[in-house]
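Noted in Swiss-Prot for the protein shown:
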type	residues	note
BINDING	38-45, 65-69, 84-87, 151-154, 184-187	GTP binding site
BINDING	S45, T67	Mg(2+) binding site
DOMAIN	30-206	domain 'EngB-type G'
Amino acid sequence: MTQTTKRPVSYQSARFLMSAEQLQQCPPDVGVEVAFAGRSNAGKSSALNAITQNGKLAKTSKTPGRTQLINFFTLNSEGCRLVDLPGYGYAKVPKAMLEKWRSNLQRYLEHRLTLNALILVMDIRHPLSPFDCSMLDWCEARDLPTLVLLTKADKLKYGPAKTTLQEVKKELKQKWRFPVEAQLFSSVSKVGVEEAHAFMDRFFIPPDETTSDVETTEEPQA
């Protein structure tokens, strides 16, 4: 008798729930959240849209750093949410505002109990920036499972892209001691989308939720 995993969570079901500037404005701290973070212009919004198969879910902009609030998206399974964190890096805003964003981001990462995992987006052409490393340090301090998506992989040929992936994996292993892995990703070719789904499934789907012989699926919600 075969055992197959249910998928009660449909990532296509993601719908905007609310925005918050500060931790105390976030939804009640119950349920499960997987957050998306990344340097400004790394392709975070495009990655979130590709993963949910909804090109309009997270607003994309040619101006780096336009994501200024913590944006919450609800899924079709009660208490399950995706979270789009403010882009960090070189946003063209006053320094005081950048520090405010950084402080709010840090408080969310350190104190949000429902945060179960993080997807950290990096441009494959500029991985492991000082900002990325700071983010990984925060994740390590909390022992937060993290998936690094090397976005815009379609901008490189396959050979150089794989080489960069191996180099990033090596550096992650050498510098950090917590559950972190890396994956090539392209919102254009959809490389890495299934791997991102599998990573999130670990937190949204209880390991004992199996069914015999026939897998049960849900129709994606429009």
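Backbone N, Cα and C define each Cβ position, glycine as well.
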D154 (GTP binding site) and S45 (Mg(2+) binding site), Cα-Cα, nearest whole angstrom: 17
Winner by Cβ contact number (other Cβ atoms within 10 Å) across the binding-site residues A42, L69: A42
Conformational class of G38 (GTP binding site) under the three-state DSSP mapping: strand
Residues satisfying Cβ distance under 8 Å from G38 (GTP binding site), sequence separation of at least 6: K44, A47, G87, Y88, L120, V121, M122, T151
S187 (GTP binding site): tally of other CB atoms within 10 A of its CB: 23
Segment confidence, the domain 'EngB-type G' (30-206), expressed as mean pLDDT: 91
Reduced DSSP assignment, L69 (GTP binding site): coil
Reduced DSSP assignment, S45 (Mg(2+) binding site): helix
Under 8 Å by Cβ from D154 (GTP binding site), counting only residues of that chain that are 6 or more apart: S186, V188, S189, V191
